[in-house]
Each structure stands twice: as structure tokens, then as C-alpha cells.
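Feature list (source: TrEMBL):
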type    : residues                                       : note
BINDING : 59-63, 135-141, Asp164, Gly337, His388, Asp455 : (6S)-NADPHX binding site
BINDING : Asn60, Asp131, Ser167                          : K(+) binding site
BINDING : Lys425, Gly426, Ala427, Lys428, Thr429, Gly454 : AMP binding site
DOMAIN  : 9-221                                          : domain 'YjeF N-terminal'
DOMAIN  : 231-514                                        : domain 'YjeF C-terminal'
Amino acid sequence: MKVATPEQIGRMDTEAITKIGIPGIVLMENAALKVVEEIVKSVGNLKEKKAVVLAGKGNNGGDAFAVARHLHNIGAKVLVFITSKKSEIKNDAEINLKIIERINIETVEIISENEVLKFKEELEACDVIIDGIFGTGFKGQISGIIDEVVEFVNSSSKYVVAIDIPSGVNGETGKVLGRCIKAHKTITFSYPKIGLLINPGCEYTGELVIADIGIPKIISDAVNMETTLIDESHVSGIIPERCRESSKGNYGRVLIVSGSTGMTGSGCLCAKAALRSGSGLVYLGVPSSLRDIYGTQLVEPIVIPLEDKGKGYLSKESINEIIKEMERMDAAAIGPGVSSRQDISDLMGELIISATIPLVLDADALNAVSKDVGVLRKSKVPVIVTPHPGEMSRLTGISIADIQKDRIKHARDFSGKYNVITVLKGAKTIIATPDGRIYINPTGNPGMSTAGTGDVLTGIITGFLGQGFASEDAAAAGVFLHGLAGDIAAAKKGEYGLIAGDLIDELPHAINKILQKKG
Ligand SMILES: NC(=O)C1=CN([C@@H]2O[C@H](COP(=O)(O)OP(=O)(O)OC[C@H]3O[C@@H](n4cnc5c(N)ncnc54)[C@H](O)[C@@H]3O)[C@@H](O)[C@H]2O)[C@H](O)CC1
Ligand SMILES: [K+]
């Protein structure tokens, strides 16, 4: 699903009105009708129920006036609180204000403490609160009397519905600089805004509904929306049905270069995940002196012993063996558990330069690369890097805190600078492509913050790469299904008990859920 910035939404709005001739008041009416439809779905029959509607001075407020009218028409008792002087309200919003005044819907301007107290009293007695204070026009932070109003809304136990954007969230960045409406449901128009899909903005939306309000396709198709929310239909377009006549060779051979003394589990998780993602053949290249350990833990993956001079970690001499193995592979993952010793770093650099098949670089391979990040630009093959914020910090020299403040920017900058696909892991994993496009992943849960889940993700992405998926498709499908498997596992076991192996066990069910969508 495409994701828009508030500026793009505003442009679509304006062009629908000026180029196509759809009056803004019609878009506003469509928006209001969709909001009322969603309120009824959540609150039930509104007859005799009390609705408190908050309206700002812009078109978000205009939507709110129209919502108030329709609630009134279906029998709700409606009271409208306006967070500005009526004289400041213009254009379509003013038209809708005048309409509700003519049909005797009570309106109160909240411009002093007296009205705030009245608002507080009315809150206590209402069944639902509708937030139409700010939408895509919001900047900065909420202050003054509106701040008090928002505090009362959030401390009430009432059901809160936000129109377009919870007031206080920056629709573009997702930043919440001050207080913000915490909604149970947000009905956003035309396209989700980036700020509703990433932290902290996504914490305030509650259930997010995307409502079509009639922007013509000819207008929205002309807008270059560079951000995609990965959803089931997106992934089902990536994962092909399997033809009946096939063999292991049809589904890719992948090599996973992994392991060092005491770090053999990550390679096992990675290899099993690659198999569960549908790989035909999975080869695990490991330090030769550790090969027996893997042999006891694995059945399906084929273990390839690599030169380690008996030391339990890959030696520089293993590079020729690895390059040779790559010749018969379709994709490779490098990194899980290889250790961050200096000679391993040198080895990683040489592998990246010499690789002849698409690569996934994870964990210690990333730590190795962070000593000379420029080596990424010397790769002759597509490279996907899968850093968590700590690894991203080491790769970029930017603090974790600053990375987390603008995940999309830092992922996009890194991809553009080093010509790689960046999978910046975390709540709402971000995927960036070298040409600046962004994918946001909505699946996953805090239960997945446990050892080995990163190795599982690397295996899934590598498995999809080996099956011939384009790099960004392998990353998008991999991240989505990894999180979906985690959600399925958490539903069964809870978030506390979830371990990395559960993701592997649930991955087939996640994939089946997607394939069922293909109908
Ligand atoms: N196609 C669509 O998406 C449609 C959207 N509609 C609705 O219109 C709003 C956007 O309306 P706009 O007037 O541009 O902005 P807002 O109503 O969000 O802003 C209100 C007003 O608030 C002022 N303001 C901004 N930041 C602050 C602040 N920190 N403190 C105080 N005041 C602030 C700003 O000056 C604005 O004037 C969209 O969200 C939809 O709800 C259309 O109705 C239908 C089509
Ligand atoms: K709002």
C-alpha cells in the first residue's frame, strides 16, 4: 500500500478540486461520512448516545462539523467544542459550521478556562469523543488551552475517534513534540501518512482505517509516493504459487557463512529459516573444527567445513573455498556468529569485493564492514545489510539515539551512499533502497526482542534471494513474514515465552496465510 506525506495529500486534494473540479466540500462530506460509518462500527447505534466533537480552525475542523451533522441526523446528542474563535474559520469549514448552526447543533468556543471546565463536565457524560482539532496541517506542538483539552480527553475513559490524524502527531515525521490525542481509532483519508506508521506517531492512532474519499486515480497515480507500507497484498504479489512440476534446484541453493567457537547456534537458526522460507538446498559454511557440532544439530542443511587452522574461527585461507562454493550458489548470507576478530574483518572485506552472487550481510559481517564501510561500494553484486540500531550506529558513526529519532532518513542515507538495500531492524523495521524508496513493516511484536531472531530474518531473506526474488522484494517479504510469524507465535505462546525457533516453526503458517490471499 502506498504511503503519502501530508504535503502530497494536500496536493492531491488541491488538484482534485482545481484540476478535476470536485468541490472541496464534497471531499469533506465524503470524509465525514466515512468517519461516521467507522464510529457506528465501533460504538454501535448512536441514537440517544452523546457525542462530544472537537473542531479546530482548519479543514480537519470542517470535517468535524460535518461529522457532527451526520451524528445529529442519526439521533445522537451532539455538542461541538471549537478550539478557536468562530471568526477564524473560513471556506469549506465555515460552510459546515454555518450549516450546523442553522440546524441548532450547540457549539462552544473554547477560548477561556470557563469553557474548558464546561468541556470537562460534558466529557464525563459522553459516549464518544471525536478529534477534529488538527490534521495534515499540524506543525510543531500543541500548547495553551488546546493542551488542557487534550489532557482531559486522554485522561477520560471515553472512546476517542481521530479524524485523519490524532491531533498532536506530525503527519510526516511521526514526531510528537508535546501532548497528543491518544485515539482508539483513526480514520485517515486517501492514503496512510508516514507519521501514522512509525514511532511514536503509530502509538497514538489506535486502529488505523484508510478511507477512500473520492480522490480520482488520475490525480493520485501522478503523485510519486516513495514510501510503501508492506501489507499482505504486497507480499502475496511477491511470493509465487509453486508449479507442480519442480525439483530442489528450482528453489535455489544458498550458502550461509557462519560460526565460531561458542557461536554455532546462529548459523543453525539461519539455515533452518532459509529452508522454511522455501529454499531448495541450504549449505552452511563453518569453521572445520566445529563441523561435528553442527552435524548433531542439523538434518536438512549441508555442512561445509572451511579452513580454520584448528582455531574455531574462519581463517583468511578460507576465502578461496568460499568463493569456489559461491560459484554453485544462487545467494549467500555472511555473518551470523563469525566473530568480530580483525582477521575476520579482513576476510569479510575480501568476500564482499569478490562475491559473485547476491549477498545478505548481518551481525559480525556488519561489525567487520564498519571498520571500512566504503568496501560496500566495491561489491559487484546486490547487497542487503540487516543492521539493528546498534550495528547501524557502528556503520555510520551516528549515535543510536539519533538514528532512532529519524530511522527513515538514516536508512535512506546509508542506502544511497553505499548502494545497498538497508534493513534497519526494530519496531516498524524500515527498508531503504539505493534510489531513495522506503518500505515500512507493520508486523512483529516486542516478544521478538530475543536472541537469534536476527539470524532467522537473515535466513528468510537469503532463502527468498536464492529463489530468485529481487533484492528489495526478498527484503520486504522477508521482514513482513518474519514479523507475521512472530505475531502468530506470540498469539500462541505470549510475548514473554517467544524464542527465535518459534519464528521458524510458524513461518510456514505465515507463508500459507499470504498464499491463501492469492485466492
Ligand atoms: N484529501 C484529503 O485528505 C482531505 C482532507 N481534509 C481535511 O483537511 C485537513 C487538513 O486541513 P488544513 O486546514 O490544511 O489543516 P488542519 O485542519 O490540520 O490545521 C488546522 C489549523 O491549525 C493550525 N495549526 C497548525 N499547527 C498548529 C499548532 N501547533 N498550534 C496551533 N495551531 C496550529 C494551522 O494554521 C491550520 O490552520 C485534513 O487533515 C483532513 O481532515 C478535507 O476536509 C477533505 C479532503
Ligand atoms: K484530528
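If you go along the chain as it appears here, the first residue is 1 and each next one adds 1.
For all residues, glycine too, the Cβ spot is worked out from N, Cα and C.
Projection of TrEMBL feature records onto the structure.
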residue: Asn60; record: K(+) binding site; Cβ neighbours (10 Å): 26
residue: Asp131; record: K(+) binding site; Cβ neighbours (10 Å): 30
residue: Thr136; record: (6S)-NADPHX binding site; Cβ neighbours (10 Å): 24
residue: Asp164; record: (6S)-NADPHX binding site; Cβ neighbours (10 Å): 29
residue: His388; record: (6S)-NADPHX binding site; Cβ neighbours (10 Å): 19
residue: Lys425; record: AMP binding site; Cβ neighbours (10 Å): 25
residue: Gly426; record: AMP binding site; Cβ neighbours (10 Å): 18
residue: Ala427; record: AMP binding site; Cβ neighbours (10 Å): 17
residue: Lys428; record: AMP binding site; Cβ neighbours (10 Å): 21
residue: Gly454; record: AMP binding site; Cβ neighbours (10 Å): 25
Say you check the Cα of Asp164 ((6S)-NADPHX binding site) against those of the binding-site residues Asn60, Lys428, Thr429; which is nearest?
Asn60
Cβ under 6 Å from ligand 2: which of the binding-site residues Asp63, Gly140, Lys428, Gly454 qualify?
none
Does any of Gly140, Asp164, His388, Lys428, Gly454 have a Cβ within less than 6 Å of an atom of ligand 1? These are the binding-site residues; tell me which, or none.
Gly140, Asp164
Give me the count of other Cβ atoms within 10 A of the Cβ belonging to Ser167 (K(+) binding site).
27
Please compute the mean pLDDT of the model over the domain 'YjeF C-terminal' (231-514).
94
Minimal Cβ count within 10 Å, across the binding-site residues Gly61, Gly140, points to Gly140
Would you give the longest CA-CA distance, in whole angstrom, between residues of Lys425, Gly426, Ala427, Lys428, Thr429, Gly454, the set recorded as binding AMP?
14
Within the chain of Thr429 (AMP binding site), which residues six or more apart in sequence place their C-beta under 8 angstroms from its C-beta?
Val423, Ile440, Asn441, Gly444, Val479, Gly483
Just checking: which of Asn60, Gly61, Asp63, Thr136, Gly140, Ser167 have a Cα that is within 10 Å of the Cα of Lys425 (AMP binding site), counting only these binding-site residues?
none
Can you tell me how far the Cα of Gly140 ((6S)-NADPHX binding site) sits from the Cα of Ala427 (AMP binding site), in Å?
24
Tell me, which binding-site residues from Asp131, Thr136, His388 are within 10 Å of Gly426 (AMP binding site) if we use the C-alpha atoms?
His388
In terms of Cα spacing, which of the binding-site residues Phe138, His388, Gly454 are within 10 angstroms of Ser167 (K(+) binding site)?
Phe138
